[in-house]
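Some features that TrEMBL has for this protein:
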type	residues	note
REGION	55-108	region 'Disordered'
COMPBIAS	94-108	compositional bias 'Polar residues'
DOMAIN	264-307	domain 'PAS'
REGION	381-430	region 'Disordered'
COMPBIAS	392-402	compositional bias 'Polar residues'
COMPBIAS	415-430	compositional bias 'Polar residues'
DOMAIN	532-873	domain 'PDEase'
ACT_SITE	H608	active site, proton donor
BINDING	H608, N609, S610, T611, H612, D649, D779, Q831	AMP binding site
BINDING	H612, H648, D649, D779	Zn(2+) 1 binding site
BINDING	D649	Zn(2+) 2 binding site
Amino acid sequence: MGCAPSIHVSHSGVIYCRDSEESNSPHQTTTISQGTATLHGLFVKTDAADSIPSVLAYQSRQPPPSAAPRRKERRESGGASARSRTPHCCSVEAETQTSSSSVKASTTEVQVGPMRLTQYPIQVLLIFAKEDNQSNGFWWACDRAGYRCNIAWTPESALECFLDKHQEIIVIDHRNSRYFDAEDICRSIRAVEPSEHTVILAVVPRISADQEETSVLPLLEAGFDRQFMENSSVTACYNELVQIEHGEVRSQFKLRACNAVFTALDHCQEAVEITSEDHVIQYVNPAFEQMMGYRKGELIGKELTELPKSDKNCADLLDNINTIIKKGKEWQGVYYARRKSGDSIQQHVKITPVIGQGGKIRHFVSLKRLHCTNENSKQVYKSHHEEKYAGDNSQSESNSYKCKNRRKDSVDVKSITSQSSDAPSLQTRQYSSMARIHSMTIEAPITKVINIINAAQENSPITVAEALDRVLEILRTTELYSPQLGTKDEDPHTSDLVGGLMTDGLRRLSGNEYVFSKNMNLNHSHLPVPNTINDVPPCIAQLLDNEESWDFNIFELEAVTNKRPLVYLGLKVFARFGVSEFLNCSEVTLRAWLQVIEANYHSSNSYHNSTHAADVLHATAFFLGKERVKGSLDHLDEVAALIAATIHDVDHPGRTNSFLCNAGSELAVLYNDTAVLESHHTALAFQLTTKDSKCNIFKNIDRNRYRTLRQAIIDMVLATEMTKHFEHVNKFVNSINKPMASEETSPHSEGTDTECVANIKNFPDNQTLIKRMMIKCADVANPCRPLELCIEWAGRISEEYFAQTDEEKRQGLPVVMPVFDRNTCSIPKSQISFIDYFITDMFDAWDAFAHLPVLMQHLANNYKHWKTLDDLKCKTLRLPSENNN
């Protein structure tokens with residue numbers, strides 16, 4: 001025997017000494033202490049325990065050579081009941097270290113749903129009967145991995161160490177039953193509660209090639225999680241431990257975190273119920289027990305259908321709820337439930353489906369709280385008091401379900417001033433009505449928002465509740481997206497322009513009577529449908545060669561086609577986008593249709609004529625050619641957009657909706673003063689198309705495709721109606737711009753632009769928003785055209801508004817836009833107001849999606865032109881010097 005035994009200190013302050021050389025009896029140790037010693041197996045409890053560090057004390061070692069491992073001294077968590085032995089040498093050398101590994105252990109961040117957890121270094125317990133190459137392999141594997149390692153030689157010391165340390169991994173020597181029964185050790189560890197989240201590994205003997213491998217079932221039944229075939233290689237042991245850490249240990253760590261969640265649920269004042277996808281109750285919290293009067297054991301494992309139901313709900317309410325939540329949608333509303341006592345209580349319930357394995361619904365989480373009525377509070381309070389707190393009056397005021405109204409100072413002034421002797425009955429009727437409303441299963445998003453705010457008000461401070469009252473007042477208005485005009489001191493050009501375009505124009509005269517004029521005479525001229533397709537004249541063909549450019553001059557095409565540019569541009573654009581192929585119609589039919597549509601545009605209008613239609617068609621085709629737009633839409637969407645652009649102002653009378661409503665025109669009466677012209681454009685276009693087979697471009701497509709195409713066309717044309725302008729723009733920004741901007745700026749985003757637009761295609765509502773925004777921008781793109789084109793369009797629209805004002809004055813109608821008086825109007829001011837109020841924000845949003853630098857540069861240049869004129873107090877389209885030129 002050598003003469004330099006090593007001193008070992010256990011975590012609990014126990015010292016043992018072991019010879020540094022091999023011994024036939026590895027469990028024989030010499031106990032050393034200061035002061036009085038008390039023998040307990042291998043352990044010697046000493047008076048010097050408090051002065052011993054709680055870290056491992058062992059001799060410094062270097063990893064052994066792979067061929068011949070050296071003898072190492074280790075920390076021993078416990079010892080064997082063995083014979084004491086006196087060391088041969090009185091010289092004892094000991095060294096303490098602050099870590100049981102030569103690799104610095106570090107913590108690991110683990111994400112469990114929204115929780116972020118910190119996993120501390122792994123602790124490993126080795127249970128071996130004697131020290132050998134296999135125990136050394138795991139020891140040095142722990143050292144390499146940075147794990148904290150303990151080793152025990154007896155079952156007793158192993159169990160004591162585990163109860164002290166709660167190691168995540170336990171390795172038990174199962175190779176030889178001569179020293180101890182590995183399965184009995186495993187069972188004894190599994191019998192204690194901390195082992196629930198511990199992974200236990202059995203080291204089994206290596207088998208020869210001619211032996212049949214034994215079943216692992218006995219090991220699993222004993223409590224082992226996996227087996228390790230004997231292999232003393234440090235790398236093999238290291239690989240095994242690391243795999244366990246990243247597999248079972250990490251999973252068990254996440255499961256342990258669930259204890260915190262369940263603790264939160266147990267202390268939550270809201271009643272919580274979790275069921276399986278088949279509505280079998282899996283969990284209820286104490287608040288649920290208290291509300292419903294049941295014990296947890298009476299509910300777990302039962303189907304919801306087994307519990308008594310209240311007869312106060314609508315007959316089909318449950319079916320409606322199930323229909324909604326089975327689709328993966330959340331349901332929220334008021335529901336009557338029956339307590340164990342038989343009382344019915346009214347609850348505000350929120351049921352959320354939880355998606356699990358396979359992307360299927362695996363659970364339903366129900367949050368329930370009392371719908372605040374005095375009757376409910378009394379029932380729950382009374383029952384709870386009788387069942388759990390009989391005779392204890394001190395608890396009566398602390399009942400967590402007694403509804404308290406914290407909004408006593410947040411009241412409606414009208415309700416105070418109009419109170420009368422029958423107020424209680426009125427209040428009762430209001431509660432009844434609200435109960436019926438909240439029980440409805442058909443909820444619009446705005447209804448859900450209002451319900452959430454109402455719920456938040458109940459537990460909010462007075463100042464917050466009053467602020468939420470003002471929010472509710474705004475949300476209950478019908479014009480959520482329409483900005484409110486400022487004071488009368490605002491620029492009259494802006495006020496008149498916005499007022500004329502954003503209202504229905506119904507303005508009362510002094511006698512409080514609407515003035516109606518005779519119906520406008522709208523001419524419907526028709527051109528004969530050609531039998532053959534003639535070649536496009538060279539001068540027109542030459543112009544059309546440039547039609548894909550944004551700077552294409554539509555007025556030159558108007559001149560060479562004798563004010564009929566729509567047919568020629570339409571044929572060229574429709575051919576480029578394969579419209580005839582999609583509709584399965586001939587070019588003859590398409591040309592006949594274009595001629596019929598163009599014939600029903602009024603060439604007498606200075607602005608709303610077929611040139612404007614051709615201009616909008618050109619802009620739409622240009623937008624459809626942009627990569628992000630093209631990638632977001634289907635071929636059907638493209639065809640619908642081109643057709644909608646072509647027909648969007650057909651038979652326009654050159655007057656605004658406000659004028660038609662004020663005049664009591666036939667169209668205004670027909671369409672109830674709502675989107676009068678836009679409704680007429682679509683209705684007439686489809687009438688003209690379908691009444692004659694020669695121009696019916698839809699005659700060869702099936703019914704379903706026709707209906708889808710028709711709805712898309714109608715939706716786009718109606719989107720050009722200006723009263724919904726801000727609604728469309730805001731929805732586009734919130735649903736398209738902001739999510740894409742967030743995706744692009746996210747540091748974790750690796751998605752390409754193609755993936756972004758692919759995500760849009762997965763949501764038809766987003767495609768609809770894009771089509772609406774596209775035709776809206778195409779319809780009012782004049783300020784984004786080259787300056788000369790912009791000036792021409794500004795002059796034309798001003799002339800049309802001048803003519804309307806002249807007619808309103810002649811007929812004694814309300815003047816919708818007084819600033820458009822040809823004698824006093826400043827065209828630059830009107831253009832500045834139009835750009836500021838309607839154009840800038842909309843094209844900023846559209847440019848952010850479609851990338852349109854050329855348009856935005858034109859817009860900036862044109863705005864500068866109008867500002868220059870306005871600064872010089874010039875009311876015309878150009879400076880006088882430019883006009884002379």
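Cβ coordinates are placed from backbone N, Cα and C, and glycine is handled just like the others.
Please treat TrEMBL annotations as automatic predictions, because they have not gone through curation.
This view paints the features noted in TrEMBL onto the structure.
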residue : record                    : Cβ within 10 Å
H608    : active site, proton donor : 22
N609    : AMP binding site          : 24
S610    : AMP binding site          : 29
T611    : AMP binding site          : 28
H612    : AMP binding site          : 24
H648    : Zn(2+) 1 binding site     : 27
D649    : AMP binding site          : 24
D779    : AMP binding site          : 22
Q831    : AMP binding site          : 29
| query | Could you state the CA-to-CA distance between D779 (AMP binding site) and H608 (active site, proton donor) to the nearest Å? | reply | 11
| query | What is the interatomic distance between the Cα atoms of T611 (AMP binding site) and H648 (Zn(2+) 1 binding site), given in whole Å? | reply | 12
| field | H608 (active site, proton donor) to H648 (Zn(2+) 1 binding site) - Cα separation in whole Å | value | 10
| Extent of the AMP binding site in Å [max Cα distance among H608, N609, S610, T611, H612, D649, D779, Q831] | 22
| said: Same chain, not part of H612, H648, D649, D779: whose C-beta falls within 8 angstroms of the C-beta centre of the Zn(2+) 1 site? Give them in sequence order. | reply: H608, A613, V616, A645, H652, T720
| field | Across the domain 'PDEase' (532-873), average pLDDT on the 0 to 100 scale | value | 92
